[in-house]
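K.L.:
Starting off with a structure, shown below.
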Amino acid sequence: MSDRATPSTPSTASAWEAAELGKAGEPHPAQALGEAGKLGLPQSTALVVGNIVGTGIFLLPASLAAIGTISFPVMIATTIGAVALALVFGKLGARIPASGGPYAYARSAFGEFMGFWSAWSFWLTAWGGNAGIAVAWVGYVNHFLHWDNTAGQIAIGLVGIWIPALINLTGVKNIGIFQTVTTVLKFVPLIFVGIVGLFFLKSANFGPFNASGGSLWSAISLSLGLILFIYSGMESVTIVAERIKNPERNVGKASVYGVLACGVMYLLATLAVFGTVPHDQLQNSTAPFADSLNNMFGGSMWGNVMAVCAIISGIGALNGWTMLVAEMPMAAARDGMFPKSFAKLSKREAPVVGILVGTGLTTLMLLFAYASENTFNTILLFASFTTAIPYFFSAAAQLFWLVTGGREVNKVRMAKDMTVTIIALVFSFAIVYSSGEQAVMLGILAMLIGVVVYIWTKARRGEYGPRREVVATTPAPSGPSGGSGGDAGGGTATGSGPGG
């Protein structure tokens, strides 16, 4: 029997959802968590903001300056797409308040295999992306230490990777506290630059609309490629839904609030830096926020201040993403999609195996970064493509449920939800487009490897596909009435294969 769910209405849980949330009347493992061990709305929003805002924002204005002010309308359009996807996550989180987020949505709407693909692609993105954050984090820490040798820089990176892992091993309460503190400490300075900088803007600093030297479409594509990925992490609370208080309500609110907060901050901060730093200086800057503050207030201390902010931002993002790199395989492991050990919780209710394996893979990636820059960049390229897979499946799941239940809901509401969902799908396609040919090819290769892993997990579960029908080669014995023991008028009988 197919495990695809076909709900009667968009608000009705599928049979799979009901089974997974409580088999035979037993509570789901994560539902047994006490309310004291769960994240409230402020901490959930901090998780979203903290995972979205990593280290990339601190160089983003300089990268966009080389393209031109055309980046601003592109950023606005991208923010609209990100908000649409956050709204979709809110709808899906209310429907299926289960950990795994995109995995749970794809599995419920399209079946087990699509669910696995979503989980697999997100897992690759999570630990690969953590290595990228760690490498950038090393640069900001080294601003103060000045360790030029490779061994020293690797040691710094290992500290940045394993401190969040240790925090995660102590349980979700400590994760939430650390995430909230680091989010406030990194968000406030960035929004400060964005607001105060508006009073120091000079129109002469902004530079040309298209500074890329290419066509208008080329400039749009370049800026799109840089901006799309700054919202990666918006799905954070959906993946840990069972660790959120009142997930039916708070998953959606935290996703939307987090994306909106980041969108406003990104726009204001980038605008402020563009308007306070001359264009020629900005496009060659290695510390655009420090240059902006130096121009506003004078002095040279701001480079150190922003380096500290970047260090806090990076370690906070690593803390949140380390949580996700363990929670996604934990959700999949409950259904036999990952090894069972990933689903086991410690006394502190932490998925120890997922934390250690994910952090171990991030460590290997960090070593690759310093051994071979090309290898590291290549792996990060396909991670950029795999980001889009869970987004696409989530938006597609929402579209599926809207279409299948369309006759049973308010038409105006469905039209609004359909519009938001289509925008979210376009956002997902845009990520694929902006990833580039090499990233797409590597991403497809990674997904094909996932097929092999899926087959292996099915075999370990003792599931070898449908039984083959066998046609009997000898006539079936006649019944009492002299007819065939098979179907009326038939001279052969059919039976199932072994065990049938």
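From the backbone N, Cα and C atoms, a Cβ is placed for every residue, glycine too.
TrEMBL lists these features:
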TRANSMEM  46-68  transmembrane segment
TRANSMEM  74-94  transmembrane segment
TRANSMEM  115-140  transmembrane segment
TRANSMEM  152-172  transmembrane segment
TRANSMEM  184-204  transmembrane segment
TRANSMEM  216-234  transmembrane segment
TRANSMEM  254-274  transmembrane segment
TRANSMEM  305-329  transmembrane segment
TRANSMEM  350-372  transmembrane segment
TRANSMEM  378-403  transmembrane segment
TRANSMEM  415-433  transmembrane segment
TRANSMEM  439-457  transmembrane segment
REGION    467-500  region 'Disordered'
COMPBIAS  480-500  compositional bias 'Gly residues'
K.L.:
Apart from its near flanks, which chain residues at least 6 from the ends of the transmembrane segment (350-372) lie with a Cβ under 8 angstroms of it?
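P.N.:
Non-local partners: 123, 126-128, 130-131, 134-135, 150, 153-154, 157-158, 161-162, 165, 168-172, 322, 325-330, 339, 341-344, 379.
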K.L.:
Please identify the stretch among 74-94, 115-140, 152-172, 378-403, 439-457 with the greatest number of Cβ pairs below 8 Å relative to the transmembrane segment (254-274).
P.N.:
74-94
K.L.:
If you count Cβ pairs under 8 Å, which stretch among 152-172, 305-329, 415-433, 439-457 touches the transmembrane segment (74-94) the most?
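P.N.:
The listed stretch sharing the most Cβ pairs with the transmembrane segment (74-94) is 415-433.
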K.L.:
Do any residues of this chain, six or more beyond the ends of the transmembrane segment (216-234), have a C-beta under 8 angstroms from a C-beta of it, and if so which?
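P.N.:
Distant contacts of the transmembrane segment (216-234): 48, 51-52, 54, 56-57, 60, 63-64, 67-68, 70-71, 74-75, 78-79, 82, 85-86, 89, 125, 129, 210, 255, 258-259, 262-263, 266, 317, 320-321, 384, 387, 427, 430-431, 433-436.
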K.L.:
Find the member of 115-140, 184-204, 305-329, 378-403, 439-457 that has more C-beta pairs under 8 Å to the transmembrane segment (415-433) than any other listed stretch.
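P.N.:
It is 378-403, which has the most Cβ pairs under 8 Å.
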K.L.:
Please work out whether the transmembrane segment (439-457) lies in contact with the transmembrane segment (152-172), by counting C-beta pairs under 8 angstroms that are 6 or more apart in sequence and asking whether there are at least 3.
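P.N.:
As far as Cβ distances go (cut-off 8 Å, pairs 6 or more apart), the transmembrane segment (439-457) and the transmembrane segment (152-172) do not touch.
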K.L.:
Which of 152-172, 184-204, 378-403 has the most Cβ pairs closer than 8 Å to the transmembrane segment (115-140)?
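P.N.:
Highest pair count goes to 378-403.
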K.L.:
Give residue numbers and ranges for long-range contacts of the transmembrane segment (184-204): same chain, 6 or more residues beyond its ends, CB-CB under 8 A.
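P.N.:
Cβ under 8 Å, 6 or more out: 46, 49-50, 53, 57, 261, 264-265, 267-273, 275-276, 278, 289, 292-293, 295-296, 305-306, 309-310, 312-313, 316.
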